[in-house]
Amino acid sequence: MQPLTKFIPLVLVFFTVLLFWGCSPAGRNVAGTPANPAGRGLRLPDPESLAFYHYTRARLLANDGQLQEAEAALLSALDFDPRSSQLRLYLGQLRLQMDDPKGAARAVEEALIEAPDFLDGHLFLGGLYFNLRDYRLAAAHFAEAARIAPEREAVWLHLGLSYFRLGEHDKAVEVFKNFLDKKPDSAAGLVQLARSYRAAERFDEAETAYQHLIDLQPDHPVGYLELGEMLIEQGNFAAAERVFRLGVDRVGQPNLLRHRLVGILVRQQRPDEALDLLDVLLRDNPDDLEAKRKTGLLLLEKGDWSRAARAFRQVLERRPDLDRVRYFLGLAQERGGRWQEALATFELISDTSELHPDAVFHRAFVLQQMERFEQAVALLLELIDSGHGRSDVYDYLAALYDRLGQKEKALQTLEKGYGLYPDAIDLLYRQGVVLERNGEHEAAVDIMRQVLVRDPDHPEALNHVAYSYAEADKNLDVALEMVQKALKRKQAPHIYDTLGWVYYRLGRLTEARSALEKAISGLPQDAIVWDHLATVYAELGESAMAAEAWKKSLELKPDQPGIADKLNRLEKAGRR
């Protein structure tokens, strides 16, 4: 379509004619004589003028939000000027505004049939298809636009980006390289080239491109950020740290880089340095809630419960809607033994939050610590009834029933949970634990054997069966094999106790002593382990050490049967 200024005089003529017609009786001339069909010199508006008239109406209607009427006016304009590429482009733009992308594409594709080199049409369709994620068609139109107007920077960038989204990274590389040959100082081109190299796993070339970008824009963070992230993906944390620190020194607003640097320090288990850097961030910007959140998490990990809670509260003062931060606050209060505060915090997490089931679980734990067992049970039952009964919920509920002395309810809960979650082997294992705790040793061992059928490497079940053999003084070679297998999966002091007791039964006293001393270093408050160790000391002739160990066992559990007799016999033997 021609520039609008060309049509201004024509429009004036057109409206003058309309006005003239409006003042005359229909079908007659001003003198009252029959109208001359030929018009006697009166010319009707030409199609181009009528097209412009309808186009103008369409623009006015569109500006008023009357999009359907505007579309009808544009179609009328096209009736008078069907070969106008600009009219079809405007129709496409209007249909896109009407949320009709297919109709928009059809309108502009028809324009390209008339004018294959219509640059604006290719640009429109390239952008449209790109937004529709049809990157193949987008690339085709951007390629045509690049052919028509190779000097357009944005065209090359969009073409390369289309290939990038298609996963044709090497093609994208070639497009961006060709573009940079013409515009070597294009920061946008360098960014896209580096990203394409990175996606193509051509990391050395990507690093070179990022370095060029950093040299071109040393005070801009993008090059440092993306190069650092690439180095992290490669596991080169030291190099990533150097890049981020260089950026912090050079960039005017380096806080985003400082946050990335905090992440590096955390990954490298350097929490104190990370906390120092977060302090710098907060001095520069006290309202940096992300820095406060990270500070709270690091303090939580370090066990500094009160400072962690303070950091989370500061975030919540500004953003009370952040349930995850509130959850972390509850954890800090819980681990710090501030039971009432933790309970109140977890209660504030709404039942629509994805964290609600976890919050209820922790409320039950806190209630248990406050010895409000019945309320804890009620909460977990409520959680199950609401459809959030995960395997760990059944496990914990059973533990509470067991604590309350309700063995049958504990076993029923574990059986129900295991039926619902057959992959949760620990629910089966816990049945054995409950049976053992209630004196049903054979039934407990049978359950443990069932666990080992499902998971032959289950360390706790292996340990339990091995210990039962050692206690019964039978199958000792099998017991030794089982406990050694358990230790390969889990280095735990109670498993070392079993190993020591098996060695004792086998008469391998030196090995028994070594294993039991490892066990007691991890379980210094366990009366049974002290008894085992004392027994081995006595067999080795270490009477004084045996006596001390049995005394310690009695201190921890005065009503433990048989220990006082062993100690008396040892003392009598020493007096002979």
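For all residues, glycine too, the Cβ spot is worked out from N, Cα and C.
What TrEMBL records for this protein:
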| type | residues | note |
| --- | --- | --- |
| REPEAT | 119-152 | repeat 'TPR' |
| REPEAT | 153-186 | repeat 'TPR' |
| REPEAT | 187-220 | repeat 'TPR' |
| REPEAT | 289-322 | repeat 'TPR' |
| REPEAT | 391-424 | repeat 'TPR' |
| REPEAT | 425-458 | repeat 'TPR' |
| REPEAT | 493-526 | repeat 'TPR' |
| REPEAT | 527-560 | repeat 'TPR' |
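Within the same chain, residues 357, 361, 364-365, 368, 373-374, 376-377, 380-381, 383-384, 430-431, 434-435, 437-438 sit at least 6 positions outside the repeat 'TPR' (391-424) and bring their C-beta atoms closer than 8 Å to a C-beta of that stretch.
Beyond the repeat 'TPR' (153-186), the same-chain residues lying 6 or more positions past its ends with a Cβ under 8 Å from any Cβ of the stretch are 123, 126-127, 130, 133, 135-136, 138-139, 142-143, 145-146, 192-193, 195-197, 199-200, 202, 216. Counting residues of the repeat 'TPR' (289-322) by DSSP class, helix then strand then coil, yields 28 helix, 0 strand, 6 coil. Long-range contacts of the repeat 'TPR' (289-322) within the same chain: residues 259, 262, 266, 271, 274-275, 278-279, 281-282, 328-329, 331-333, 335-336, 338, each at least 6 residues beyond the stretch ends and with a Cβ under 8 Å from a Cβ of the stretch.
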